[in-house]
Amino acid sequence: MPSVFKIYSSSAGSGKTYNLTKEYLKLALHTADPDYYRGILAITFTNDAAAEMKERILGALRNFNDKGITEKEQQKSENLLRQITEELQAEYPEEQLDVEEVRKRAAILFRQILYNYSEFSVSTIDSFVNRIVQAFTRELNIPQNFEVDLDSNTLLSTAVSLLLDKVTDSKDDLLSQTLEQYALEKAREGKSWTLLPDDLMDFARNLLNEQVYEAITDLQQLSLEDFKQVREQLYLVQQQVAETVQEAAQQALQLFEQADVSPADLYQSTRGIWSYFNTWLKSVDLNYGNNYARQTIEDDKWYAGKASAYAKAQIESIKQPLTDLYYHIESIKEQYAATFTLVQQVVPHLYKVSLLNELEKCLQEIKLDKNTVHISEFNKRIIDIVLKEPVPFIYERLGEKYKHILIDEFQDTSVLQWNNLLPLVDNALASGHFSMVVGDAKQAIYRWRGGEMEQILHLYKNSTRQLYENRRHGPLIRERYESVDQALQPQNLSVNYRSRSEIIDFNNELFTFISQEHPEFGMFTSIYDKDFAQQVPTGSDKSSGHIQILFTHDDDLNYKYDLNRCERTEEFYAGYQHKELLTYDESTLNMVLQLVQQALAEGYTLKDIAILCRTNQKSKLIAKFLKERKYDIISQDSLSLQFAEVINLIIAMFRVFNRPNDSLAKSEALYLVCKVSLGVIPDVEMTKTIADIANDKENQSFFGQLRVFGFEVQERETGNLSIYELTEKLIRIFDLLGKNNESEYLFRFLDLVLEYSLKHSNNLNNFLAYWDVQKEKLSINTPKDRDAVTITSIHKSKGLAYPIVIIPFADWSTEPKRGSLMWSALPEEVSVTGKLRSVAVNISSKLENTTLAKQYSTEIEKTFIENLNMLYVALTRPIDRLYLIGNAKDLLEERKAPKLDGQAKNVSHILYRYLAHKELWTFGQHCYQLAQGRPQSINHRPTDEKAYFLDHLTSADWEQRLKIKQHANNVFDFETQTVQRQQNRKLHYALARIAFAPELDKVLRQMGYEGIISEREKPDLKQKLTQVLHHPKLSRYFTNKVVVEHEKEVLDARAYLYKPDRIVFDGEAVVLLEFKTPPPEREHKYKLDHYAVRFRQLGYQNVKCILFYFETEQVLEWQYGGKKAEQLGMF
């Protein structure tokens, strides 16, 4: 089979995963070699998608030989097997394959994959790129054992804090000057300087954004001094142009004053020529124009209708110099408008842009200290290696060689991701092998995280030139594309197996209409061209779909709709007794509730219904509304750990153990014990008791009240447990398992606690800080087969299907958000910015008059496409029924309605224009039924599957049987140590981590990140550590002239471990150092002698021992004299 690179344009519901599975199986089964699957790499974008693909492949292989499956499953399996066999016979006629031979190979392949599962290369793109990074750590200057960092917020917050820590009082420090000037500029804008850290953190996200990778890379060539020069140059341009214009305007106003001419004497009074000149003194915007002033000059309209003869004479005396000044300003506008406007757009972000490099340096410091690499760096780091190194060399490092590359969800692939995979695809094709990508430009909705829809669009249309022209690494990428182009085979999957025919036809018609209405958007029309339309499967009964569009608005009435007749009734929404006017949100929520109630009345179940929102905020609004009305729901909030009451009870108890006087935590804990464990809501009297106990400084009253409730916490013993043990014990004490149907949350929380304690520490205070930052992201997986309404975002619904889909708040904008940034590369002819060649500017119509006009129009179109794609994804989720609820605030009166041409501003306007196009729209009517589904009820067959729930947590008090040294206390113990002892232990901890003296600042910084020390403690600790590191008798042992081992363990024949604080190899000598708290004790010397004899047994004859005592700085040193081990009691 010749090399083929197949590009599947796969519309919604067209069997994308089915085709991926089929192609994988064809490749794996076309040969008798059962290990051939090891040469196939299948890549997708989420863990769930990767798991589904593995399940599909293995499920198909198993079912080909499984006689125990249902008749329906067997029929599907045999159809797939027959299709695979027929295609293999056509593509590999020399194999002489039949169904039974393929079945036999499938059985062998199934066993082979299970026995060698690690070779089954179906993974996310991030996992695959991580493997490449792991294979090239040395070339990328990354530690071998680095950890992948997924927490962007904490990383960026720490970087901003580190940057601000570098501020000094020095007038020569450019970083401090830049930050100071930035803060002052924010103050001049009327914004609080206290928002500076948040502002910097938000802007620093650009460092992790692949979309702006090339711009950020350009900026890294510039220093703070370079940015300072650019800033001064741009300020000078602004000042010179503004002064020139304002000088002319001032002269004009002086002429009016000297001639005794008031605005009332002039044409259009204060709106005419006088206003034109006066406006320039307020602000200088070279895009400003005044039509009345232009008419005055060009049409010689100078006088007001009621101007006196005297006024007219005075105007005549000055109109020529005024005309000259007008044309002078207009000539400045014509000459400088583009440059001046560009400068105006660039300047507001210059301070932040100039600080990006400094923030990047802080990020690198943090990563080195923590031995981590953020996941966003992977693609940026390996691009040079993948593009420049020979592919066989890459495979050699990976330990794998892939002959076939299969890529899913290609429309969401970023430029960097695709450029990293392109050489592998090129290599596979050059070897005569098959590769493929599957995607749909209409479902590209992840542009905000780097997804680039243009890639699949240009590949499918075989116009790849636009993918490498004017791009970084362009020449290298072009070579790859030239060979890939030869093998391209576009294929369109256009049959929709998901939705009913009415829904398919509606979507085809709607998006064809939108495309025809927006011919100015060439990319949009090429995506939704004549080939985009979906087809109904032949020979199938897919009719009786239901489509309904509703509108509401502020001050809408609280009357229900008769949804079958699409008419308003006189019946109130549930919960209302009187006629009321509702807000837009209230009205929408009640409409959603009515639609849910109708679906249930017609035989659907809760799990058949999905409510899809554009934003998480709207999803939360609906979830809260339905939950308050006792509907079971599955939403982002309902799956979040932070909203589970059993978890909140545990966290409240954690806070009490951490800060016994935390009145809020005590109050919350007692309230939740009542509600969750006792099953009662505290009455007024109990609420007062809880408040009194919470405010009581004596902690015993809190635990006493728990005993009154029947819960013995044993606070002293319980409070000293590790975090995981504490969690387990609290679950047992309060009998939380099974409460509120929230057991899944408890098990997820236990996993979280264990993971944290293993990766970080058992410090309860640190864990609570971690929880406060991360809690919004922590959730359980979506429960399967739970009868509940799904409430989710459109993004998360992608790839899913539901019998009924409700899309409320269908009014999101198709334009960029106010304040959105656009990163742009400046054309070569722009010289005003000097060395600055990439800029960040607000997306504004003012850019139309600058050299960034083309980039601006492209940004407008891409934003439009992304928001319309969002609508497409939502409209292609339903199987049976589709409901949309739009906003009619602009559609109440014909005279105020938006125009029926030009760019539609939001989705509600699009729906209005579509209904008007269909001649269905009537002002005042806000319900439109475009297709009516079957009226009969749907009978759901009961499932045979039974769910089993754990009703208790089995765990034992292992401390009664086993004692393990607690590493959680190896730094300090807050409750039993004095302040001085705490500091000594921190000093000891720091010295255990310092290899050489120059590492002091780095180690202190790391301890700060981990919460071991505070910023307030740093100066004192640094001073004391410096005294140790530079002590005359110790300083040599903290230099690079010696070899150092920290707390290295030595194991003897009896399996005893010996671990000095510091082992130094100084030439032929070994120096053993111990750091102790005074006073000196005989045991200290005896212990070092124990260590020394082991080193003598290892062959070291010259062993020196040193004891250093904190506080007194006393040093005891001696040469080990060679006592026998027996004399030391070691045998």
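A Cβ is built for glycine as well, from the same backbone N, Cα and C atoms used for every other residue.
Annotated features, as they stand in TrEMBL:
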{"type": "BINDING", "residues": "S10, S11, A12, G13, S14, G15, K16, T17", "note": "ATP binding site"}
{"type": "DOMAIN", "residues": "1-500", "note": "domain 'UvrD-like helicase ATP-binding'"}
{"type": "DOMAIN", "residues": "545-799", "note": "domain 'UvrD-like helicase C-terminal'"}
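On the structure: features taken from TrEMBL.
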residue : record           : Cβ within 10 Å
S10     : ATP binding site : 28
S11     : ATP binding site : 25
A12     : ATP binding site : 22
G13     : ATP binding site : 19
S14     : ATP binding site : 22
G15     : ATP binding site : 18
K16     : ATP binding site : 20
T17     : ATP binding site : 16
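Sequence-ordered, the extra residues of this chain that approach the ATP site, with Cβ no more than 8 Å from the Cβ center of S10, S11, A12, G13, S14, G15, K16, T17, are N19, D440, L493, N496, Y497, R498. Mapped onto three states, the DSSP output places A12 (ATP binding site) in coil.
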